[in-house]
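Peer 1: Per TrEMBL, disulfide bond is recorded for Cys6-Cys52, Cys20-Cys41, Cys28-Cys83, Cys42-Cys99, Cys54-Cys115.
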Amino acid sequence: SGPWMCYPGQAFQVPALPGCRPVLKLQCNGSKVPEAVLRDCCQQLADISEWCRCGALYSMLDSMYKEHGVQEGQAGTGAFPRCRREVVKLTAASITAVCRLPIVVDTSGDGAYVCKDVAAYPDA
């Protein structure tokens with residue numbers, strides 16, 4: 001496995017992580033995430049290669065914004081009515097750490113638990 005498996009349009013398609021969507025919404029709005037909901041999200045992430053977990057979270061976040069027609073720079077609308085965009089990105093980036101799932105942060109194979117690249121995406 002490697003990072004080349006994760007790019008959209010390749011043979012490997014990153015799922016939209018339907019189990020993690022409620023986790024992101026609840027965490028971002030300051031609500032407690034039920035254990036069963038978190039377990040579903042973590043299981044879906046665990047099924048994805050550690051090279052691709054951050055990309056999967058980014059794809060999920062991007063699709064959530066697109067579904068709600070949110071434009072770049074807007075806050076307080078759509079999927080996250082009480083959450084600033086930066087907070088949404090940081091919350092998404094930390095889901096791997098909440099699940100205690102390692103990720104690969106660069107091609108050297110260095111690992112981490114928080115997706116720094118999710119927070120860095122300007123259009124996420």
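The backbone N, Cα and C atoms fix where each Cβ goes, glycine too.
Whatever TrEMBL says is automated annotation, not expert-curated.
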Peer 1: Can you give me the same-chain residues 6 or more apart in sequence from Cys28 (disulfide bond) with a CB-CB distance under 8 Å?
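Peer 2: For Cys28 (disulfide bond), the qualifying residues are Phe80, Arg82, Cys83, Val87, Val88, Thr91.
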Peer 1: Would you list, in sequence order, the disulfide-bonded residues among Cys42, Cys52, Cys54, Cys115 whose CA lies within 10 Å of the CA of Cys20 (disulfide bond)?
Peer 2: Cys42
